[in-house]
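K.L.:
Straight from Swiss-Prot, here's the annotation block:
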type: TRANSMEM; residues: 16-36; note: transmembrane segment
type: DOMAIN; residues: 77-268; note: domain 'ABC transmembrane type-1'
type: TRANSMEM; residues: 85-105; note: transmembrane segment
type: TRANSMEM; residues: 113-133; note: transmembrane segment
type: TRANSMEM; residues: 142-162; note: transmembrane segment
type: TRANSMEM; residues: 202-222; note: transmembrane segment
type: TRANSMEM; residues: 247-267; note: transmembrane segment
Amino acid sequence: MIENRPWLTIFSHTMLILGIAVILFPLYVAFVAATLDKQAVYAAPMTLIPGTHLLENIHNIWVNGVGTNSAPFWRMLLNSFVMAFSITLGKITVSMLSAFAIVWFRFPLRNLFFWMIFITLMLPVEVRIFPTVEVIANLKMLDSYAGLTLPLMASATATFLFRQFFMTLPDELVEAARIDGASPMRFFCDIVFPLSKTNLAALFVITFIYGWNQYLWPLLIITDVDLGTTVAGIKGMIATGEGTTEWNSVMAAMLLTLIPPVVIVLVMQRAFVRGLVDSEK
């Protein structure tokens, strides 16, 4: 029997409301700034009442971008979508096949190869990023979608998660597939892949957001403004030195950048939660 403690309920709800307020208030301020004109957004203190210029600001950045060296924002969104989707598809494909080979194929040093993959989790991004940039430069993949996406497709985390899930599948499945004469890829496509759908959904959401939020990598790889991504592009919209930042346009760009990952999470939230729960069983 669970004891009813009113004070604990009140405390829990109070902390929940405060947490939500702390998270949502900056987003509300950004939304208000996106609805104001240049004069109102620079007023001190800035009003917290939404204005009427939201559509005007969105249209301005959508067509013209922000600043003199900025691409139209629709192009940045397209580049970010291509990058995030390619990284997601590549990570899932490479990680699933790698884990499948490690779990079900018997070849020399397979455990050593797995631990070599796993050890990369212990290396900070800063240790790996500049050698990776040098490799991409030597392969002449700077300022290209291939340079943006290929180095980020390998994932030790995803490989580890798929390996742990595959190890929970009963050996009887493999034996039944062998008796039926199924090839390894037939076994993978007809049995392993359908059983992994909930895990795939969870990993898809996590990986898409990871790819969408990339900042440092596009900043190092891309110099062509037509290949810029939204997250790195927003940083470029902020003026330095004597320049003036159009904060209303920057905040409008930030709101547009939030929409795709939010839509992905809302559409796939049930499958995402189910995938996280199933992976813990």
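Cβ atoms here come from the backbone N, Cα and C positions, even for glycine.
Note that the structure is a prediction, hence the values are computed from the model and not measured.
So that I understand the layout, could you describe where these features sit and how close they are to other parts?
P.N.:
Sequence-distant neighbours of the transmembrane segment (16-36) (same chain, 6+ residues past either end, Cβ-Cβ under 8 Å): 46-54, 57-58, 247-248, 251-252, 254-255, 258.
Within its own chain, the transmembrane segment (85-105) has Cβ neighbours under 8 Å at 111, 113-114, 117, 145, 148-150, 152-155, 158-163, 165-167, 174, 184, 187-188, 192-193, 196, 200, 203-204, 207-208, 210-211, 214, counting only residues six or more beyond its boundaries.
Within the chain, the transmembrane segment (113-133) has long-range Cβ neighbours (under 8 A, six or more residues past its boundaries) at 98, 102, 151, 156-157, 159-160, 163, 216-217, 220-221.
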K.L.:
Taking residues 6+ outside the transmembrane segment (202-222), which of them lie with a CB under 8 Å of any CB in it?
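P.N.:
Sequence-distant neighbours of the transmembrane segment (202-222): 80-81, 83-88, 91-92, 95, 125, 129, 133, 136, 141-143, 147-149, 151-152, 155, 158, 161, 228-232, 235, 260-261, 264-265, 268, 271-272, 274-276, 279.
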